[in-house]
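Q: The structure under discussion is supplied below as structure tokens; questions concerning it will follow.
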């Protein structure tokens with residue numbers, strides 16, 4: 001048996017497609033005894049009795065068609081991590097899946113939501129349904145995908161996005177900083193039909209790096225050509241504003257940029273905060289690493305569709321410097337309370353332990369060392385900040401402090417394997433072999449996490465799908481009601497939401 005398991009582990013490690021990986025992983029679970037572990041409800045890692053009871057309550061209410069009780073149970077007791085069911089420890093015992101009790105609970109909750117959405121009830125009409133799914137869905141929250149900086153290592157994000165998209169697990173809310181902003185922009189400006197082709201390695205234009213002169217390091221001018229990077233972005237990102245992209249794809253893309261100013265905070269650009277800003281320029285600014293690329297002026301469209309400067313006179317630089325992962329602002333703007341992080345920042349990845357890729361707590365000696373190193377660096381930078389009078393040097397120190405103080409992980413973390421840091425490799429144009437290898441690495445890193453991502457996002461995805469169906473039903477109903485009133489009828493009245501309850 002040990003020989004068989006070792007062979008299966010080699011098959012898993014060498015799998016080139018998700019299907020091959022899944023088949024080997026399922027067989028590994030069967031032979032290793034992980035399937036038996038899944039069958040047993042009991043575990044110290046979650047409140048199995050609570051989940052068992054909640055499952056029984058919801059199922060009983062649905063099977064007895066007791067709508068009031070079903071709505072009550074879902075509205076009062078639906079939480080993203082109820083009973084600690086999202087505990088990463090519950091996904092370490094098997095290659096695929098987790099406790100069957102958890103999966104049955106998720107099945108039942110989603111079945112109950114679809115039942116309330118799609119069936120007709122005398123006392124629970126369309127208006128009541130819209131109210132329920134709006135309020136309960138907002139309270140439950142949703143997941144967001146956050147793509148870090150990382151220069152050429154950012155190609156890892158393409159594999160992550162590709163894997164999630166192919167399995168129907170790509171969140172609607174996506175943020176990107178620096179290199180991550182390019183991938184987020186590509187995803188957010190292409191429809192699903194276009195995305196299948198765009199994510200192919202041969203369809204990505206990646207000639208982003210061209211030296212502007214290494215003497216710039218001595219003179220204090222950028223060493224890479226910003227115009228060349230902009231030309232690269234033009235090949236990959238359509239000329240759309242944030243609002244135009246959202247209306248085209250339904251994806252809510254967020255890009256972080258940092259003002260090129262010592263006393264300004266970073267900005268999160270999206271279709272709500274800056275609807276008319278051009279995405280391509282936002283991504284260019286987010287990639288403008290100080291000293292490497294020149295700072296960037298943002299551009300937007302005015303009411304006549306003409307291109308005009310956005311905040312004239314102010315320039316922006318690399319978004320990952322101040323806010324690589326904009327967790328708090330995504331929570332405030334989009335109700336994101338669960339984060340999936342693809343982390344490729346070269347100053348972060350070497351210090352993240354392999355346990356960090358499966359657990360959101362710092363649990364190893366390496367992680368303890370990172371925290372202490374960060375504290376000491378921050379203290380040293382604070383001392384330097386007090387003694388510096390030069391604005392340029394003070395700005396550089398301020399940015400360095402932000403880099404040190406940030407938190408670079410989320411609830412679920414996708415991290416490439418540790419590799420020797422090669423700065424020249426990160427800041428050079430990748431070969432086609434490099435592109436394929438980085439994308440493949442992103443895919444293979446994501447496959448083992450697809451089950452925990454799928455389970456963690458399943459209820460919020462069901463809320464979204466139900467709300468979309470109800471919105472379509474509301475539109476059809478309003479159109480039908482409007483047609484029911486003749487334009488010549490003096491008694492004609494305005495159709496309101498109250499009519500939807502009848």
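Cβ coordinates come from backbone N, Cα and C, glycine included.
Residues annotated as active site, nucleophile in TrEMBL: 178. Summarising the annotation, TrEMBL assigns active site, proton acceptor to 318. The domain 'PNPLA' annotation in TrEMBL covers 145-331. Here TrEMBL flags 176-180 as motif 'GXSXG'.
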Q: Do you know offhand how many angstrom separate the residue listed as 'active site, proton acceptor' and residue 178 (active site, nucleophile) by C-alpha?
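A: Pair distance, Cα basis, whole Å: 6 Å.
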Q: I'd like to know the mean pLDDT over the motif 'GXSXG' (176-180).
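A: Over the motif 'GXSXG' (176-180), the predicted model scores a mean pLDDT of 92.
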Q: Where does the residue listed as 'active site, nucleophile' sit in DSSP terms: helix, strand, or coil?
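A: Once the DSSP labels are grouped into three classes, the residue listed as 'active site, nucleophile' ends up as coil.
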Q: Is it possible to get the count of other C-beta atoms within 10 angstroms of the C-beta of the residue listed as 'active site, proton acceptor'?
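A: For the residue listed as 'active site, proton acceptor', the 10 Å Cβ neighbour count is 29.
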